[in-house]
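Notes follow once the structure below has been shown.
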């Protein structure tokens, strides 16, 4: 039991379960299935970008990707435009979204490595350009995703949303890479002490390069899925994922100072972020109060997590 | 150190001068009292928010709630301060105090500032929405008068920018307490060993940042005459970019108040410059990003030439 409590990811799952229970208790148990289904659907998007952000934050202080929303929008827009609602183009659209992610990752890292810009500023400035590209290519059109793709992204398999399966598969891959592969060990070592890692022979810049590629590709994939899920790409579709991606990493128990990441926690935090909003909604909190409470809860969890860390 | 410190300011000045020259070349009519005022009018609140961000970056933290907090301060100014001046002033003072407490808590519990301010941005945004659910309110007359005053020879925006830079330069660079504050960013342990209370200093830095953010909100309302809960959301990114553009560093307490103000002016001017270029609106935001990258690249060349920074 104490071993379980010591796991940093347990807290985000407990918080998610509590928010779920409080919401469902209001209706006396009705709608529990629908709520869980919605949480898994919407949580999947936050979880996938959150895992990307987690990898970057694990690289150590100052590493964060602020271009995630713009990347999502650009990938979603370009993919849907290329597919043009034609059936049988889903694979091509996916390839385009992933290619957008790769391109963005390359550009971001070029700014960080070649121009020595701090990652916050580099990804921030570059995201303005990606956003412009998306605006330019979108031109107010709303192109529907091809039917098969729309059915997949809103559909379910074994009572679980398909997007949640995708998110789960990515979580497993990220976990294996982080915990069981050399590259994952290199990433952790770089985040804990970059200088020591370099002296120990870790190819630090290659690790950073791969990480910035990975986060952008995951953002591109999320943009593709989200645009298909919501029936078309919108210019503001990525907006809320900037704060969301950072929040789920921290609530999930990863260290914001880098070097320690936590895959299951990200998923728990993603579910929690959706559930807490629906809980406040079902208790009839007005929009302003809902935001205040969401912020207070985030800070509360961060404080709880930090005092636990101090004691151990 | 002195050599570099003195030269750090050159690049922000050069970028601003180049951009200003380009703007005047594109639009010679802007080269007048009225034109300059129009170009830099919105720079005053941005400069104040940039100074606030700089104070936080100075103690090695970062504030992601600037935009939401300035919006809230603007909403308070346009409603409470206008309807009941005394109560409104008390609320604004309370907001400044809340920032100071935040700084103390972040230090005492060793919390990551980036996350706490992220959470606080929800809180500030929510409070602003409670206060002003739909755009509205009105600017108190005296703020409106202050922001639209027409001093002789030099436009109000320029006077205000010089004033802000001078005051914060004296406070941060010249005064004893300013040196201590920068020391917290440079080496907090050394400050503690030499008898300073890092917690009190951090509270002071955050409190001052809160004060400048409140001033930014008030100045913004003075210009726009009304407020809404999202009025200043882009200030978070603008203020961070302004600090870096002005030659500040994310760590080590290396900041420049004058540079930060110039950075804010450059960012404001970039927006005007792009609209003079008759660039398609699609590319306006992107071009701002490109200018930002360009200036920072210039800084790289600059620091290389003058030896290792």
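Glycine is treated like the rest: Cβ placed from N, Cα and C.
What TrEMBL annotates here:
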TRANSMEM  B:9-26  transmembrane segment
TRANSMEM  B:38-57  transmembrane segment
TRANSMEM  B:87-106  transmembrane segment
TRANSMEM  B:113-133  transmembrane segment
TRANSMEM  B:153-173  transmembrane segment
TRANSMEM  B:203-225  transmembrane segment
TRANSMEM  B:231-248  transmembrane segment
TRANSMEM  B:260-279  transmembrane segment
TRANSMEM  B:285-302  transmembrane segment
Range from B:113-133, B:203-225, B:260-279 with the greatest count of C-beta pairs under 8 A to the transmembrane segment (B:38-57): B:203-225
When only pairs 6 or more apart in sequence are counted, do the transmembrane segment (B:203-225) and the transmembrane segment (B:285-302) reach 3 or more Cβ pairs under 8 Å? no
Short question: most Cβ pairs under 8 Å with the transmembrane segment (B:260-279), which of B:87-106, B:231-248, B:285-302? B:231-248
Between the transmembrane segment (B:285-302) and the stretches B:9-26, B:87-106, B:113-133, B:231-248, work out which stretch tops the count of Cβ pairs under 8 Å. B:9-26
Ranked first among B:113-133, B:153-173, B:231-248 for CB pairs under 8 angstroms with the transmembrane segment (B:9-26): B:231-248
